[in-house]
Amino acid sequence: MRKSSNADVPNYGPGSSDAIEASIDMESSMSSSKDSTRRRWSKNNADIERIERFVVAYDYSQAKKTLDTSKDEVKAMKSDMEEKEKFAEDKTSEINEFDAAMTALKTRLEGEVGSELSAKKAEEEAAGKDLVKANSALQNADKALLSAEQDVAKAAENVADAEKNVEGKKVAIEADANKSEQIKLDAKETAEKYSALQLKYQNMSAGIASEEDASAGSLPEQISRAHEAAVAADFGKSVSKVQADMKKEEKAAATLNAKKSQCATKVDKLQKQLGSLKFSEQHESELYERKRSLETKHSNLGEKCETLEATLAGRLSFNYSDPSRGFDRSKVKGLVAKLVQVASRKDATALEVVAGGKLYQVIVDEAATGKAILAHGKLKKRVTIIPLDKISSRGVSPQAASLAANMASKMGTTATPAIELVGFDEEVRTAM
């Protein structure tokens, strides 16, 4: 028995007419249902196609509107872009002008700072010179004062010695004078005795005896006494000697008096020199205080200079080992800072600021040399190497230089390309 898929169709037995009719009705019903379904499907397809056309038309109209709007927006955007490009160009020009002005201002300010630094260095040098002069003047004054004091003391000692010698000589001269007077008296008495004895001798030789000589004794006795008297008469010779000694002592006394006068003159001269020195303890204290201040200032400036020199020496050092045996060190030209010579000292600070870290770059003849040094040179710090065969020279355009010069002129100063302020060898020009 076959089951129908339609729930509303009754079940009939096989081979019956009712079943055949039912089958025909079912087929007819199914055919009409299919036609209805087909019509609905066709209508649906037509509706779908019409809706799709409506959607396409709507999309087209919207796209057209969007396109028209986009064209206007594009035009507006192009106009806005052109305005912004023009604005950007104007601002770029202004920025360039401001950069040039800032560079000129920096150069000016750094020039002023460099001038101030130079002034401070000059002041330090002047202070050092003043300190040396003050020390020299103080030492000379101390030496002159000490020498004058020594000369005064020595002169005073000489004067005292001369006075003592003069007093001693006066006493000796007086004693010699008294002695001389006594000797003169003794000599006169001796001469009288000698004359008397000589007369007696003559009388005795002639055999004549006077009354006074009656008790003179025999002739031999008289001769003996005469001999003794003659010996005593030799004492007169010592009188001449004493007189000669007195003359010598008088000369010595005159010499001492002259020396005393010279010492007194020298003492007066030294006293006048001391007076002309205008020495005062207050002035000496001021000199010592100034010396101490100058020494402190000189010490501080010296420490600062040593620190700067040590820092600069460390930054300017470039040590490397030969990358290969027989390496030609002339291929390494050196640091830029050591290869340029600043024409004017006042421009040094400005040039250092403008150049910046490029001052510590190393110039070599070719790239191969730089690679060899970097690979095998045993460098102790990082460096930038400039091979001369791989770079090209660049400079400031005349327009930029002219613009900077005009702006600097308006500011009351000058602007000059940095390369014109330094000197260097032609072989390294491209690196500058």
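Glycine too: its Cβ is placed from the backbone N, Cα and C atoms.
No curator has checked TrEMBL annotations; they are predicted automatically.
On a predicted model such as this, the values are computed, not experimentally measured, just so you know.
Some features that TrEMBL has for this protein:
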type     : residues : note
COILED   : 60-91    : coiled coil
COILED   : 131-165  : coiled coil
COILED   : 239-311  : coiled coil
COMPBIAS : 20-34    : compositional bias 'Low complexity'
DOMAIN   : 330-409  : domain 'SMC hinge'
REGION   : 1-43     : region 'Disordered'
Mean per-residue pLDDT computed across the coiled coil (60-91): 81
For the coiled coil (131-165), distant same-chain residues with Cβ under 8 A (at least six beyond the ends): 256-257, 259-260, 263-264, 266-267, 270-271, 273-274, 277, 279, 284, 287-288, 290-291, 294-295, 298
The domain 'SMC hinge' (330-409), counted residue by residue under DSSP: helix, strand, coil: 44 helix, 12 strand, 24 coil
